[in-house]
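Okay, here's the structure, questions in a sec.
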Amino acid sequence: MGVKAALPKYELYCYYVILSLAMLWTASWIFEVSSSNASRKTFKSNVKPGWYLLGRNMEMADYEWKMWFSTFCEHILFALSGHVIFAKICSLLAPQYRSLVYMAYGILAVFTSMGWTYVTLILSHCVLLYSISLVKLRWLCFTAGLTTLATFKMEPFLSWQAGFATGSFELRPVLFYGGCGFTIMRCMSFALENCERREGNYSFLELLKYNFYLPFFYFGPIMTFNRFYVEANNPSLSRKEREMWSISVQALLHLGVVITVDILFHYMYILTIPTDMKLLKHLSDWALAGLAYLNLVYDWVKAAVMFGVINTVSRLDHFDPPKPPKCITMLYVFSETHFDRGINDWLCKYVYDYLGGKHDNVVSELIASVCTFGVTALWLGPGWVTFIWAFLNCFGLNFELWTAKFFSMEPFVSIEMAMSDAMSRRIRAVFNTFNFWTIVLYNILALNSLDFAKLVAKRLLLKGFPFSTVTVMVVTYCLVQLIKERERKQALIDDPDPTPPPAPAPAPVTVVPTTASDQTAPAPPVDPNKEKAE
């Protein structure tokens, strides 16, 4: 049963047709709303003249996208290009010193863009957390790290430290928060890894190499120190077969995605429409559901492209960076709803897995998830929306474990064992459908607003019941089944032989209708770096 259970091809084709028609219908609704409300005040402030060849205005509501791929594109590309050139020269002439060259170029780039006072501020935090790491007490390292991180989220400490970044450079506030926030997380990783080292301590120079690696410094992602240390000190710089081809294809793919998103911004204003509550109240239930879904898809695309550009550079430096986040389209369990895999890996290693163990105990899981989302809320910045988002996602993560425990008891196990594999998959998909929309509603809190999330929930669950609710759930069911089909094919590739070797005393099969059948211990959902610090 589970992920390798196949469905008839005609059934899958039916799902493809229903989903395709639904997506086209949703896109037509949003396109019509975008075109017919151009004179609204909200549109005038967020929509600007776009590409001349397209002859339409372009949505410019997302500051991060605008910063990366229009306003400051030349600054970011210039700094990363310089890093690539210096790294290539070093790898050819003195590969054993490449980590030192990365550090030197990173410090020089930070000094040039932000000034010596900012570099001094960063170094002071590094010195502080390095000194505390020498004590080798995990709780002390955590306390010092989180307290330091809180100083960038609370007044008057925030304003005082922001004064170290002087000048009128428009990108300076973004670089300040990004560099400081990621520095603290990296220093905490270094300190916690130093606590785990049985003999001696890592040197302060290793911390500087780790922290001032420019591609990760301002915008992430975070690579935990243990991984960075091994890869930065790897004497072998040989590449796998066709690795450069893969890197080139990845770079071209990111360029194609950027162009595609820019074109779509001329026709569908998916970020501006949710900010106009008066307009939203006149939209259909289907248009609201499509807006909520597309906002999450866009945020994943943005995170994947922004991290993808940096990851391409780091792969040229012979690093294996954190992979892009899993698309919201492919999610139906809370255990995979992270938008930044680097932050997610950090939280799992040092908080969630450390406290949760095997994630099979309800109490341990509750403690681990509460602590994880507590750190996440601090990272994002304390606020009511953040607290609500953290509470709901924390509850969803624990509810999956509670449900798993409940359905692992009799008579549910015997009932599902009596079913066919295909029927078991269909029943699981029904439960996953509701889980999918729970994830969507919970996470648009952080991406849009509490009012938008409340309106979508009210229209889909109350006013739209039963027609709109059932229609949206049927389409979502088709989507979940297609996701499961993709997972099934991938599982067959990874494990071509579905028949396990005989065992003398096989354990009873435990099945969970409400969670993904192939999921292991859940990992915490982490917000996509929606944090403005990046």
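Backbone N, Cα and C define each Cβ position, glycine as well.
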Quick one: which of 167-188, 387-408 does TrEMBL have down as transmembrane segment?
387-408
Taking 99-121, 122-144 as the choices, which stretch does TrEMBL tie to transmembrane segment?
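In TrEMBL, residues 99-121 carry the label transmembrane segment.
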Under 8 angstroms, Cβ to Cβ: which one of 362-381, 429-448, 460-480 has the largest number of such pairs with the transmembrane segment (290-313)?
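Per the Cβ under 8 Å count, 429-448.
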Out of 67-87, 429-448, 460-480, which stretch touches the transmembrane segment (12-31) the most, going by CB pairs under 8 Å?
460-480
